[in-house]
Amino acid sequence: MDPAFIFITGGVVSSLGKGIAAGAIGLLLKSRGISVVNQKFDPYLNGDPGTMNPYQHGEVFVTQDGGETDLDLGHYERFTDVPSSRFNSTTAGSVYRAILDRERAGGYGGATVQVIPHVTDEIQARIRAAAATTGARVVITEIGGTVGDIESLPFIEAIRQIRRVLGKERCLFIHLGLVPYLPSCGEMKTKPLQHSVKELLGLGVQPDVILCRSERHITDAVREKLSLFCNVERRAIVENVTARSIYEVPLLLEAEGLGALLCERLRLFDTCCGGQVARNLGAGGAQSAVLGAGGTVRTDGGLHPAAGQGAEPDLTAWRAMVRALYYPRRELTVALVGKYVSLADAYLSVSEALTAAGICHRARVDMRWIDAEEICSVQDAGHALADADALVIPGGFGVRGIEGMICAVSHARVQNLPYLGICLGMQIAVIEFARNVLLLASAHSREFAVDTPHPVVDLLPGCVDTPTGGSLRLGQYRCLLAEGSRARALYGRGEVWERHRHRYGLNAAYRARFEASALRPVGVDSDCGAVEVVEHGEHPWFFGVQFHPEFCSRPNRAHPLFRALVAAGLERKDSRS
């Protein structure tokens, strides 16, 4: 069966949550038995996000095949549980590079290379490739940036051409825009969104669905006005109100009738739930559609029973997960000591993995972000971590804040504070233990001190220390866990696959010293033998992992390491109360 394509654009302002909406739509379709794949097209000229400043771009999400991609791919995976690849994240820079390389190789036969058709053709080819390589029934493509930005024009033109070829039954446009509320007049204003749609219409793209991003529920008058002036059917004016959690968004959109509407417009009924077609939720069903009894969503007309018919989605487990998130029975505080803590998106997958672990234990995780540069001694660390029930040090690069992290780990080790070190966090644990337990006072990493006499952390074989992209150990690798280790027990198996993004690791020359100590290597790469897991045998819960477990965590399937960390934190809290 020929694939269908959904394109999501954004208007008025950036950072409205197109990626969350795209992931939520993927979940709504997948819950109806429809195979989906999400992808992101960014208009910036960087080759990929790998070398971009975390303060500007947020985290780099690593795919199974080693792609350094936009953080929205993390949203896609957490919502749909469909693994992404490097090809699901495309930048304008990678598009232009491919075209210029092809031109230099004579691929265009001497023709004049232009934005149209060459750039737009390359974009279209990459959009279609997602369907060809995955076999997905629906390809959901998010176009980054904001409509009206000059750099987005080739992408908008490319999707216009795709619609011209495929028609409305195989191609659907969703435009997400802000509908602000002005307290001064007590009204929601539609004019910014109207002008955004006008800009899109000027580029030849007529939205089929408008997602109204708002802080308040939109009124019927707002729906009517947008329907009239944006030339969009009233039932396709969909509220996208701010939720307590991003994981409620799919349920809110389903209550608005969006899932059934998409199935109807793209004629997906025959592929839904084995061909069983059921009527969409009727009037008054919005509350149960979202959370069931005790839910938070209004039932006074926010649902549109005229949205047509579509297969009933199976969102039972998702609703249960959101209920567990909203109604915790316990709480704990997890401290995160890092380099980029002023921007939460820099550690987005870590925070979402902790949230998922909290859901698993019906516990609310209060995340306390601590700037590593503000810790100058072990005493400082003690004050900063006094109320923490667990500590996480996530990944990072560069020397800034390293000594503060070492002090934090020293406090955690001595005070029996549950600790999880991720990537750089494992290296910090190794350095701290070498200095204070193995008595190698000048121990360090060659990344931060090239001339250290005790480089307990060093470059891995085959890696090159360069700031340029493509020089890291990237992607999914197999790790073998030692018999009798705690790591093996909490995973429940001896072989695990985890994603990596690093070039440094435990120096093999010092491995024997650690094996004879309390901080033992218990997980190694199955091919090269590099140490990937260390655990402290004399500590209640102390692990360092060279990989990034946060990338494999899901809101309804917490990663074993985070799940066990939260359990240890809760146990510590109980013991102190």
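For all residues, glycine too, the Cβ spot is worked out from N, Cα and C.
Under the heading region 'Amidoligase domain', Swiss-Prot lists 1-268.
For SER14, LYS189, THR190, LYS191, PRO192, LEU193, GLN194, LYS225, the entry in Swiss-Prot reads UTP binding site, with the evidence type sequence analysis. Sequence-distant contacts (6 or more apart, same chain, Cβ under 8 Å) of LYS225 (UTP binding site) comprise THR190. In the three-state DSSP classification, LYS225 (UTP binding site) falls within a helix.
Per Swiss-Prot, CTP binding site is recorded for SER14, ASP149, ILE150, GLU151, LYS189, THR190, LYS191, PRO192, LEU193, GLN194, LYS225. Less than 8 angstroms from the CB of LYS191 (UTP binding site) sits no same-chain residue that is six or more residues away. In the three-state DSSP assignment, the secondary structure recorded for LYS191 (UTP binding site) is helix.
Residues or ranges marked as ATP binding site in Swiss-Prot: SER15, LEU16, GLY17, LYS18, GLY19, ILE20, ASP72. In three-state terms derived from DSSP, SER15 (ATP binding site) belongs to neither a helical nor a strand segment and is classed as coil.
Marked as L-glutamine binding site by Swiss-Prot on the basis of sequence analysis: TYR55, GLY396, LEU424, GLY425, MET426, GLN427, GLU447, ARG503. Following the DSSP three-state reduction, the secondary structure of GLY396 (L-glutamine binding site) is coil. Taking Cβ-Cβ distances under 8 Å and a sequence separation of 6 or more, the neighbours of GLY396 (L-glutamine binding site) in its chain are GLY338, LYS339, TYR340, CYS423, LEU424.
Neighbour density for ASP72 (ATP binding site): within 10 A of its CB lie 26 other CB atoms from the protein chains shown. Residues or ranges marked as Mg(2+) binding site by Swiss-Prot on the basis of sequence analysis: ASP72, GLU142.
The domain 'Glutamine amidotransferase type-1' annotation in Swiss-Prot covers 333-575.
CYS423 (active site, nucleophile) falls within neither a helix nor a strand when secondary structure is assigned with DSSP, and so counts as coil. Summarising the annotation, Swiss-Prot assigns active site, nucleophile to CYS423 and lists sequence analysis as the type of evidence.
In sequence order, VAL62, SER349, GLY395, ILE422, CYS423, GLU498, ARG499, HIS500, ARG501 constitute the residues six or more apart from HIS548 (active site) in its chain with CB-CB distances below 8 Å. Residues annotated as active site in Swiss-Prot, with sequence analysis given as evidence: HIS548 (among others).
Counting every protein chain shown, the Cβ of GLU550 (active site) has 28 other Cβ atoms within 10 Å. In the three-state DSSP reading, GLU550 (active site) counts as helix. Sequence annotations record features per position, and here Swiss-Prot assigns active site to GLU550 (among others) based on sequence analysis.
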For the binding-site residues LYS18, LYS189, ARG503, which Cβ has the most other Cβ atoms within 10 Å, all shown protein chains included?
LYS18
Within 10 angstroms of the C-beta of MET426 (L-glutamine binding site), the count of other C-beta atoms across all shown chains comes to 27
If you rank the binding-site residues GLU142, GLU447 by how many other Cβ atoms lie within 10 Å of their Cβ, the lowest count goes to GLU447
As a test of the contact definition, list every same-chain residue at least 6 positions from GLY19 (ATP binding site) whose Cβ is closer than 8 Å to its Cβ.
LYS40, ASP70, LEU71, ASP72, HIS75, TYR76, GLU142
Model confidence over the region 'Amidoligase domain' (1-268) (mean pLDDT, whole number)
96
Where GLU142 (Mg(2+) binding site) sits in the secondary structure, as DSSP reduces it to three classes:
strand
For LEU16 (ATP binding site), which residues in the same chain are close in space, meaning a Cβ under 8 Å from its Cβ, but six or more apart along the sequence?
GLY10, LEU176, GLY177, LEU178, ARG213
